[in-house]
Amino acid sequence: MSEATLRDDPLARCMMHAAEPRLLADIGGTHARFALETARDGIGGVRVYRCGDHAGIADAVRAFLRDAGGARVRHAAIAIANPVDGDFVSMTNHHWRFSIDATRRALGFDTLHVVNDFSALAMAVPHLSDEQRRPVGGGAAAPGGAIGVLGAGTGLGVAALVRAGDAWVPLSGEGGHASFAPADEREDHVLRLARTRWPHVSFERLAAGPGIAVIHAALAARDARAARETDSAAIIERALAGDARCIATLDCFCGMLGTFAGNLALTLGATGGIYIGGGVVPRLGALFDASPFRARFEAKGRFAGYLAKIPTFVITAPHPAFAGVSHMLARVLGELG
């Protein structure tokens, strides 16, 4: 997306409060996304780097600032795919480990605010326009109702958003690591294979990007054939091109995600809706809409009627976490109530 397009985007415009450039980052297990935010231009200058190409987070930040023309930054905020509790962060799905304060001092920042990536994504949800979310079933969202946010990428991120007076408050969590439970014979077979690899099989092992390859291998083994693809990205591409076996794999994946999303909706009482982001689902388009996701979301026995009323949305906005983490930084700096 061009900088001009970002300036015209309501999600990018909603945080145009910075009097000087601020650095915003969205760090996943595979990619690190950076942007600058200014009062004049809003959020723009987005660049994406592979985490594996940099020894640590400070090196990646320096590379971005160098590529951005050496912008002088005093305040920065990072949304990271990891729990953030205290000063030290050790990433679950990557090797980066760092002290927040030591990194702030090494980079010469006055402020370095680090938050969970899905908490940041949740904070972006109230700013989404209708064009930046695609409905996938359900009724109307209850005004002020709790909102659940989840997304499959390298991991399976989860967060919630609840109303407190006039403000939205994000709740971070690690629900992706909850124990996986199969819903049919096909998923029983997938779980049996997964148990040969890991002593604890969480939803993240199967309902995140890398899990697509695990599902594909398990279904191939069930049918006594060799899996033609062993890479999740390749399986997605073949499914989008019409490959029947890869489509079956993604149907299984989307069904698992539907079960997980329904669990989240019940746990939160998410009458404000469930929003799905991450790197996988937005790529699937109509394939996701036609998948078992929504049926599995509602398949909760006596509470099927309750879930049928809760809307589910796919977030289609590019880089939505930037707006959320910008809002969180503004609060830290005392610019918002």
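The backbone N, Cα and C atoms fix where each Cβ goes, and this holds for glycine too.
For Ala25, Asp26, Ile27, Gly28, Gly29, Thr30, the entry in TrEMBL reads ATP binding site. According to its DSSP assignment, Gly29 (ATP binding site) is coil. All protein chains included, Gly29 (ATP binding site) registers 23 other Cβ atoms within 10 Å of its own Cβ.
Shown in sequence order, His31, Ala32, Arg33, Cys51, Ile80, Ala81, Asp117, Thr154 are the same-chain residues outside Ala25, Asp26, Ile27, Gly28, Gly29, Thr30 whose Cβ sits within 8 Å of the Cβ centre of the ATP site. Sequence-distant neighbours of Asp26 (ATP binding site) (same chain, 6+ residues apart, CB-CB distance under 8 A): Ala32, Arg33, Ile78, Ala79, Asp117, Ala120, His319, Ala321, Phe322, Val325.
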